[in-house]
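A.B. asks: Pasting in a structure now, in structure tokens, and then I'll have a few things to ask.
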Amino acid sequence: MAATPLVGVLALQGDVPEHLKALTASGARATTVRRPEELARLDGLVLPGGESTTISKLAALFGLTGPLRARIAEGLPVYGTCAGMILLADKILDPRAGQETFGGIDMIVRRNAFGRQNESFEASVAVTGIEGPPVDGVFIRAPWVESTGAATEVLATYGGHPVAVRQGNALATSFHPELTGDHRLHGHFTELVRAAA
Amino acid sequence: MSSTPPATPAAPATGTARVKRGMAEQLKGGVIMDVVTPEQAKIAEDAGAVAVMALERVPADIRKDGGVARMSDPDMIESIIEAVSIPVMAKSRIGHFVEAQVLQSLGVDYIDESEVLTPADEANHSDKWSFTTPFVCGATNLGEALRRVAEGAAMIRSKGEAGTGNVVEAVRHLRQIKAEIGRLAACDQHELYAAAKELRAPYELVAETAALGRLPVVLFSAGGVATPADAALMRQLGAEGVFVGSGIFKSGDPARRAAAIVRATTFFDDPKAVADASRNLGEAMVGINCDTLPETERYANRGW
């Protein structure tokens with residue numbers, strides 16, 4: 001396979017540039033994705049932080065929901081942070097009317113589970129599979145995982161709730177490594193993309 | 001599941017600069033819409049707004065009605081918080097830190113210390129570091145933007161001229177900020193001290209901006225955006241997202257116009273998509289020519 005995999009960042013809305021930077025620093029070629037026809041050539045995909053209701057509405061509006069769901073179901077490696085985690089959940093506990101996810105991880109997530117912006121916080125989080133000291137977890141109106149299926153591996157918890165999970169080639173965190181300059185999780189994901197290609 | 005995850009100690013830290021600025025990063029590429037009722041907030045959310053700004057009157061009505069414009073009724077803000085799941089922002093008067101305290105206690109996600117309301121202090125803005133809730137502030141130039149960041153603002157919006165439906169001032173202010181950043185980036189180390197003096201902004205923030213080639217916080221545009229093409233224009237000029245005030249709910253078909261502005265903001269660099277978004281939107285808000293606006297009625301002059 002190509003030595004440098006091509007990883008797309010869904011660029012409907014959210015902290016896209018930070019993900020592009022983290023992926024590039026991790027040795028991937030990073031590109032933005034806004035249209036269905038841009039999905040085919042990707043080796044991996046990142047669903048960024050942003051507003052999950054907004055991103056899912058825009059994806060539906062622009063005809064991306066079905067194609068994204070199909071690519072993820074085929075096994076395209078995918079990493080979602082915060083809003084991206086919600087979009088990767090097979091089920092949302094308290095969805096807005098008509099809010100659809102792309103699925104990919106057998107789990108139920110609770111949106112804004114850690115509270116509104118006043119409750120947003122930073123804390124150290126040790127993540128299984130990430131070498132070295134714990135990562136600095138930046139939780140912004142963050143979700144947590146309410147429950148997981150048999151195939152879903154919990155990689156980290158905070159306050160008794162799963163905040164990093166993996167199922168097959170799909171990875172999700174409640175927090176935002178892209179805001180910290182610590183690229184270990186993006187490096188981990190890039191390795192996953194390499195291995196899958 | 002099989003593995004046992006490692007334990008995670010360490011006390012959480014709320015209200016950090018990273019958490020406040022990071023919140024604004026999540027809004028990038030989005031449209032933040034002024035709303036005055038829960039019903040409007042739902043229309044905005046359904047149209048794909050990334051956040052709503054809860055206020056008592058949209059700027060066009062504040063202009064028309066005159067009088068002192070203040071923070072909104074807490075009941076109204078709470079009913080909007082109840083109505084939507086996207087973030088809710090609300091405005092305090094410049095320097096009115098008690099209004100800001102009230103907004104924080106209500107649990108709004110962002111406070112806009114806004115020139116659209118009547119200033120409460122003609123010398124000082126609020127000390128925004130003392131709040132857990134992050135602040136967005138308006139600016140017409142780089143020095144003003146960095147003074148607000150020095151006071152703790154976690155997001156900046158170019159001011160424009162709110163309530164006019166005329167994008168000319170938004171363009172002027174965003175171009176001004178971008179041009180000044182460009183000039184800073186070309187300064188050598190010796191020149192940065194004098195640049196800080198000229199900008200009337202702290203040296204550290206000036207040096208950081210020069211090194212980054214951008215503001216240390218997210219930069220949106222505001223004040224006069226009324227059409228999909230206006231929104232795309234501000235994005236192409238370098239705004240990371242847009243605030244739309246009177247332009248939506250003072251137009252003929254708010255739901256349709258709101259969705260169209262969102263579409264044009266996402267596909268800002270695709271003229272065909274902007275064209276599609278611009279079709280059959282009904283009446284735009286009428287608009288005011290800014291050069292006929294008396295100096296005393298220019299909101300952009302408020303703030304120091």
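Positions of Cβ are set from backbone N, Cα and C atoms, glycine also.
A quick note: this is a predicted structure, and the numbers were derived from the prediction, not measured.
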A.B. asks: Besides A:Gly50, A:Glu51, A:Ser52, A:Ile140, A:Arg141, which of A:Arg29, A:Arg110, A:Arg111, A:Arg166 does TrEMBL list for that L-glutamine site?
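C.D. replies: So, going by the record in TrEMBL, that would be A:Arg111.
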A.B. asks: Express in Å, rounded to the nearest integer, the largest CA to CA distance found among the L-glutamine-binding residues A:Gly50, A:Glu51, A:Ser52, A:Arg111, A:Ile140, A:Arg141 named in the record.
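C.D. replies: Site span for L-glutamine, by Cα atoms: 12 Å.
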A.B. asks: Please report the Cα separation of A:Arg111 (L-glutamine binding site) and A:His176 (active site, charge relay system) in Å, rounded to an integer.
C.D. replies: 15
A.B. asks: Among A:Cys82, A:His176, A:Glu178, these being the active-site residues, pick the one whose CA is nearest to that of A:Gly50 (L-glutamine binding site).
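C.D. replies: Spatially nearest to A:Gly50 (L-glutamine binding site) by Cα position is A:Cys82.
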A.B. asks: 10 Å Cβ neighbour count around A:Cys82 (active site, nucleophile)?
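C.D. replies: Taking all protein chains shown, A:Cys82 (active site, nucleophile) has 31 Cβ neighbours within 10 Å.
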A.B. asks: Should any of the active-site residues A:Cys82, A:His176, A:Glu178 have a Cα within 10 Å of the Cα of A:Ser52 (L-glutamine binding site), which are they?
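C.D. replies: Of everything listed, what lies within 10 Å of A:Ser52 (L-glutamine binding site) (Cα to Cα) is A:Cys82.
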A.B. asks: For A:Glu178 (active site, charge relay system) and A:Cys82 (active site, nucleophile), what Cα-Cα distance in Å is obtained after rounding to a whole number?
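C.D. replies: Answer for this pair: 11 Å between alpha carbons.
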A.B. asks: To the nearest Å, how far is the Cα of A:Glu51 (L-glutamine binding site) from the Cα of A:Cys82 (active site, nucleophile)?
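C.D. replies: Counting only the Cα atoms, the answer is 9 Å.
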